[in-house]
There are 4 protein chains.
Amino acid sequence: MTDRHDRILTSSGFSVSPESPIHADNPVPTPRASPPDIVRCASMELVVTDLAASRRFYVDVLDLVVTEEDEQTVHLRSMEEFIHHNLVLRQGPVAAVAAFSYRVRTPEDLDKAVAFYTELGCRTERRAEGWTKGVGDSVRVIDPLGFPYEFFHDVEHVERLAWRYDLHTPGALVRLDHFNQVTPDVPRAVNFMQSLGFRVTEDIQDDDGVVYAAWMRRKPTVHDTAMTGGDGPRMHHVAFATHEKHNILAICDKLGALRRSDCIERGPGRHGVSNAFYLYLRDPDGHRVEIYTQDYYTGDPDNPVVTWDVHDNQRRDWWGNPVVPSWYTEASLVLDLDGNPQPVVARTDESEMAVTIGADGFSYTRPEAGSEPPPEHEQGEYKLGHQL
Amino acid sequence: MTDRHDRILTSSGFSVSPESPIHADNPVPTPRASPPDIVRCASMELVVTDLAASRRFYVDVLDLVVTEEDEQTVHLRSMEEFIHHNLVLRQGPVAAVAAFSYRVRTPEDLDKAVAFYTELGCRTERRAEGWTKGVGDSVRVIDPLGFPYEFFHDVEHVERLAWRYDLHTPGALVRLDHFNQVTPDVPRAVNFMQSLGFRVTEDIQDDDGVVYAAWMRRKPTVHDTAMTGGDGPRMHHVAFATHEKHNILAICDKLGALRRSDCIERGPGRHGVSNAFYLYLRDPDGHRVEIYTQDYYTGDPDNPVVTWDVHDNQRRDWWGNPVVPSWYTEASLVLDLDGNPQPVVARTDESEMAVTIGADGFSYTRPEAGSEPPPEHEQGEYKLGHQL
Amino acid sequence: MTDRHDRILTSSGFSVSPESPIHADNPVPTPRASPPDIVRCASMELVVTDLAASRRFYVDVLDLVVTEEDEQTVHLRSMEEFIHHNLVLRQGPVAAVAAFSYRVRTPEDLDKAVAFYTELGCRTERRAEGWTKGVGDSVRVIDPLGFPYEFFHDVEHVERLAWRYDLHTPGALVRLDHFNQVTPDVPRAVNFMQSLGFRVTEDIQDDDGVVYAAWMRRKPTVHDTAMTGGDGPRMHHVAFATHEKHNILAICDKLGALRRSDCIERGPGRHGVSNAFYLYLRDPDGHRVEIYTQDYYTGDPDNPVVTWDVHDNQRRDWWGNPVVPSWYTEASLVLDLDGNPQPVVARTDESEMAVTIGADGFSYTRPEAGSEPPPEHEQGEYKLGHQL
Amino acid sequence: MTDRHDRILTSSGFSVSPESPIHADNPVPTPRASPPDIVRCASMELVVTDLAASRRFYVDVLDLVVTEEDEQTVHLRSMEEFIHHNLVLRQGPVAAVAAFSYRVRTPEDLDKAVAFYTELGCRTERRAEGWTKGVGDSVRVIDPLGFPYEFFHDVEHVERLAWRYDLHTPGALVRLDHFNQVTPDVPRAVNFMQSLGFRVTEDIQDDDGVVYAAWMRRKPTVHDTAMTGGDGPRMHHVAFATHEKHNILAICDKLGALRRSDCIERGPGRHGVSNAFYLYLRDPDGHRVEIYTQDYYTGDPDNPVVTWDVHDNQRRDWWGNPVVPSWYTEASLVLDLDGNPQPVVARTDESEMAVTIGADGFSYTRPEAGSEPPPEHEQGEYKLGHQL
């Protein structure tokens, strides 16, 4: 771990560290068992309360490809995917996330997953026939943070439609990019994910060392998942990638044409964290979906870890556009292995929204104004807010 | 004029009329003299209080090309312009607009301009040597709405840099596209502009026939100028065009990199009105600059006039993103021919901001919800606002 | 007309003149009658030999919108059009062009058209009910150059689908942009078009004053039609506009996915002339269709006329990529008013292909090499050719 | 290895195999020593004969960032790089490649590299102080195929300029993407690279099993390097990535503006292999540089291997545009560790150019025409060629 005093301030306003700058005061014990070798985030299983409405959103609006469906489920994939699905919609009584699913390198990594989580005292359940269509032998666990994680290697291959431009639409989604999880204690969560083999790429902190969010990766992008500080365990969003920025704008344009613009929650914009271009949507159940493009390569072993000041109002939107409060406060429930919602534990650390928006919080556009609330006309975070 | 009952509702949510749907109760008398044949909006003269700061904004940030400059003025043009300038920055004591300048077809159109405005009792002043460098014989007037208008034909040609891609930057501005003026009585202003030869392309109304804004053109785009209802005469913005949407995003990215994101006031987004992609910036004096691309051809004599419902929350932003209050309320002073600020007269008609934002106003995303305030979760206009 | 010695060489390699630099030795007499006031090129009627195949090309591949169709005809429009059609496909025995159709400003302009062409001794035929569906009173003529021209004002309005992004595809065509005609004597054709009210925007010449092609406009873009030197009268291409360059690339990608890449004849590329981004396709009958975006505004009365040196190998493709010979030599027949193909007259002036490609011709990349064939490694025109 | 009869034909025209479909008849023996753990291709050292001219090309035209330079060398990096350089230009007497340089995961991987190549009888040379500025302990070898490979872990970190949009130009290069090597015996080369830990992602074969080219990766993109069949060892190209396709078009536009379009050798276009958008340039010494964007994720252990038919004329350009012969035949010399050019050995297998272009070769656009030369009008490969 890099001490904060060893961080180097860059000309872009954030700092970089050679290693993760996050320390957990209350860590999950690190198992002696080796973790499974996780290749990438691969799919999410979403419980939806109106399958027809969700299908319209994901298939007719977002143009994901239906690999297979029946009356209770729809299995969807992105245009460049060759495994059976990246998203499963399952009809159910309560909108929630049933699984964050990761692909592991070998079948034997399932044994490792069972051993790893069993040593931690977590409930695990392995099904040789898989938990969803298209996937074989797989393990589901409730991890120490309360999230339902799935691991699988065996999966049905389907045709990669990357070259099928006759099927691409203006907003074509080409890959599942990442998950984002809400958890009360970010350092504890990061520490646990590190024991699972994840590496930190970016985080948001304040001068007191409070960590508001952190991004972690297996594949060499900015993240396979992120931990956002808040009441949890909850699912903040699942993100799909497009090739270019205009694809994301086209999704907005289409939503306008369909008079469904109210499902645009935030954006489009440029993230500070990740440097990616983004858009946040809410599906008919309120599940949040990010559309995302153009972060950067992180695969080197000494990839510099980026730390943003929580008061930097370009950290969440590089253009300083305000973050809507719902984006901070709302998230999806997650389920236990019996399909019951996990209880939500309140965050006790500082709230990013509270410290950056409104009368008590502040943000700055330029670093020289960082030590105190800036003059009102410079309060980029309040571009909209302070006028209402 | 088309009666509102003859408007046709389109599948996009707005209505179209064969002619302008705006009636002025209190029109400026139509002169018997023929108006000058106006070709296009051509340039604006801005008085700025810190010329060096303004030069940094327009030259170093927005990459406009300096045609000519001295200690008091900077003459700037866009990449595809062949006349001397599209923007003049002039050092002065009060930030304001000295002239909205239009090109006319022939030298004789200046005689017509003098006759036209003289008949209306307006002050006119003609200078054979021009009011700015690069421009010859020209006329300035204070029009019946209180705005300083300039007309010229004779102008110095400079090289069109359209092919000089070695000089283009990621956010290259290629044309001056339009002006936007704030005036209390929009129908009166529209009626006057029609007598000057402008044609209405779009407007915003309510069911009572109150007109909140109107767009008018000479060249066959959506506008050369627009009239925005509000306290006036003031200048709402001047707009430059880019080739593509990514050019506009690049300007935002650059402003972030320069830690000047707080000059982004609104957007980027897709307009409902005009269908263009947009961004609003504020220069160091608060003058508003729009960056704009991809409206549509309007040159046919029977081009359908588009009328938007003021309560349609996609009229100003097709994605339903909120309009920041400052965008409605703030604007630049305009000068008389002696360089003194024109007095500002308050609008007495309904305020668009008041009827669409906040506790008293409402907006809708879908037409079926148009007759009354929609449920809160559908209030796209309030995406941010109602949460604060 | 500007004398060639008064042309000004620009830093981009071409010259500019204040007026058209083209002189006709053998002009069509200018009628005393006033020409009709042409608004813009509006549609083309194409005779196709396999209507189903053509429909697949224009509707299923290029995604033009069917306004109306029957067993013999398909009426198509682009996404931003509000008149009935921009293209009519009509089943017939010989692939050819039945009409280049222009919109005029008023109904009375049809009377002017009849008088104008009658004075020239041209056959004219007026039909109050129109020649195609959706269009009322209209006049067709065989002009002095042998082309079938149509003029109309009265036309059925249909919904402009500009905002219907749910219907836009990645390669959405938004406007009919221009025609291009092949004619043996370009100066004679230009002179005639000037008498019809067209203005020259660009041309290609050599040092001896031979004119190889010229571009002319009514609406303020680079052209409504162009005259390409060659055996004629024939139709070189009809061009549709997209919003952005990626839309054109998407059409190429789709053609690849459909295994129809062999209908790509030339491009995509950047034109020197017009500065537009382009692609040339061939439809199932060999009719050439250009997809085009981002030329520049030409509406000022003194818009500088651009003259390219025929030996400048960036004139046709700014990147110096070779022009395929078929692009020079192949074109569509045009019909007389009885539906019979017009005879084709050979060009006797120099051929652009002959003077620029292969052993006898030459081209240069840099001006300093302009006076003689450049060393082989600099022969951009021969990037491919000289290696075969 | 997958037998060709187990390949599955896709709807896009190519086949996929679960494993590499390439068999080497004459393999390099596989060392018992473990190979170094290669992270990614990281930089290339180019010997150039006119350093000032090369600097203009890479810095002034392509806008790579100078990390450090002196009279003999220029060290350059891309906008998103955090290691010292991706390209070293070194003044020398003969244009050639001095090193293909790869980053390894740990310092200990250098020991492995030495052992691995030593076992193969290759010359290796380790320098604790590095071979270039910015890089520490590193090993250079002449591999069994004759190429100068470098491995390093220790490297100076510099600021990643990903967020410095004020420094980005329209054609900004953001990453080094891959190398491409010319070698006579592709299966032998592939087999050796597999022993070094590379995985095959795509290849081009004919029905007789002749392999014309193969793509291999360490990082999860389509390749870190490719083997192109031809006289070798030579360097075919080095490739840099942009974010979007318009960035590549902007490079073409800029080259046109600089009247340097003759350095565009091939493209822009869409590859069949890799599905990426591409452009090939030649630097002042003739070294080939590719600009590349938007291939696909290949990181799963069972990523389907794509095999293209050598006669498929969309394999090299998805739009069927012709491949210029120089692209097949010309390449850069590579140096031994003393700085002398390696001798070039002729390919004895079939030549891709010979079997696909011209009188003896053929290509097809649609699979049904694959078994024999198609009718001339379908010969997409000959779009240009057959007309000259």
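Just so it is clear, glycine is given a Cβ too, placed from its N, Cα and C backbone atoms.
According to TrEMBL, the features are:
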- D:9-18: compositional bias 'Polar residues' (COMPBIAS)
- D:374-388: compositional bias 'Basic and acidic residues' (COMPBIAS)
- D:40-154: domain 'VOC' (DOMAIN)
- D:175-294: domain 'VOC' (DOMAIN)
- D:1-35: region 'Disordered' (REGION)
- D:362-388: region 'Disordered' (REGION)
Query = Short question: which residues 6 or more past the ends of the compositional bias 'Polar residues' (D:9-18) have a Cβ under 8 Å from it?
reply = 2, 272, 302, 304-309, 312, 314-315, 367
Ask   = In the region 'Disordered' (D:1-35), how many residues does DSSP call helix, how many strand, and how many coil?
value = 3 helix, 5 strand, 27 coil
Query = What counts of helix, strand and coil residues does DSSP assign across the domain 'VOC' (D:40-154)?
reply = 23 helix, 49 strand, 43 coil
Summary of DSSP states over the domain 'VOC' (D:175-294), given as helix, strand and coil counts = 29 helix, 56 strand, 35 coil
Remark   = In this predicted model, the domain 'VOC' (D:40-154) has a mean pLDDT of 98
